[in-house]
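Structure, as structure tokens:
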Amino acid sequence: MLPFSVVLLLLCATRLPTASVALPFEQKDLLDFGKSINVEGLMKLLMMNDEEEGSAVEEYYEPEYSKPEQPTCPFGCQCNQNVVQCSDLGLHYVPYDIPPETRLLDLQSNQITEIREDDFKGLSNLYALVLVNNKISRVHPRAFMPLKRMHKLYFSHNQLTAVPKNLPSSLVELRIHDNHIKRVASGAFSGLGSMNCIEMGRNPIQNSGFEPGAFDGLKLTFLRISEAKLTGIPKDLPEGLHELHLDHNQIQAIELEDLRQYESLHRLGLGYNHIRHIEHGSLYYLQNLRELHLENNRIPNVPGGLAGMKYLQVVYLHSNNISQVDVNDFCPNGFGVKKTYYNGISLFDNPINYWEVVPATFRCVSNRMAVQFGNHKK
């Protein structure tokens, strides 16, 4: 079986980790595109997810057609257990003769330039579609209409200039990063009430590229718009987000109202930006935050409000311009105010005289190894 690269986000409830030594941040529920898993392994994960949602057994049905005596499989592809793998074949179009019972269709790393109206006709049982690493710039507005049960669409590393139209209402996860998208139109995700995760980083989109109402109707828990051209936190993102990743942009400040509506956030990624100013009180609304990433910015001091965050466990502030750490920057004064200890506070590569920092500053940290100082180069 050929290797198969794909990102799989397991959409599950976030659990508070127990106190431990801080490690470099790694998204625990997200596999990198650079990693390879075989189709059988992916299919097992998808089927497990189906069973948890009660759809794999209870809702699965046989298509309304007469089965041919001999099973079909597109020329050059591998077909096994409702998985059709057609990757790395130099295909210029979606092949014909895809079995109607297909659950996972892998078309990654080909030369496909467009998705035609009838490319997925009859594939009503398709659960996951992988179109990663092609040259797709055109998608027929009715191409996805037959895919009534599709949950996962991987469309990254293509040449899309807009979010495809008429995506299936059953869609849960959409990956469209590393395309050429500069604008997200109002209502681009309308009718996608089941959507949980959108990955759209590495697109040349600016703040002005999000039209008012672009995210209307979405109930996302995960959104990544990293490595774009944002100069500020976008307005009117879905309110129920648990994770928001805006790393590697050109964001210069966090204003008072920027995060007001995101009270459910557990992880906020703002590392590798140009942030110089965080307005006092702007982090107050994030009372459920567990992890805050502000590394590699130009922040001159520890942001205000961290001591009041009861559940905050990981703070990345390394590689900034912080020169002083006060005794109450991280920990509250009252006993029992903070519900969890810090697992990690990174302050290295800042112009801090760490020997001047009062030990009581870290009285709510799990252990001394969880605080990282030093290695500042002038």
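Including glycine, each Cβ sits where the backbone N, Cα and C put it.
As written in TrEMBL, here are the features:
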- 1-22: signal peptide (SIGNAL)
- 72-104: domain 'LRRNT' (DOMAIN)
- C73-C79: disulfide bond (DISULFID)
- C77-C86: disulfide bond (DISULFID)
- C331-C364: disulfide bond (DISULFID)
If you count Cβ atoms within 10 Å of the Cβ of C73 (disulfide bond), leaving out that atom itself, what do you get? 18
C-alpha spacing of C331 (disulfide bond) relative to C86 (disulfide bond), in angstrom: 54
Which one, from the disulfide-bonded residues C77, C86, has the smallest tally of other C-beta atoms lying within 10 Å of its C-beta? C77
Rounding to whole Å, the Cα atoms of C73 (disulfide bond) and C331 (disulfide bond) are apart by 62
Expressed in Å to no decimal places, the gap between the Cα atoms of C77 (disulfide bond) and C364 (disulfide bond) is 57
What is the pLDDT of the domain 'LRRNT' (72-104) when averaged and given as a whole number? 94
What does the structure give for the C-alpha distance between C331 (disulfide bond) and C79 (disulfide bond)? Integer Å is fine. 57
On a count of neighbouring CB atoms within 10 A, which of the disulfide-bonded residues C331, C364 is highest? C331
Neighbour count (Cβ, 10 Å) for C79 (disulfide bond): 17
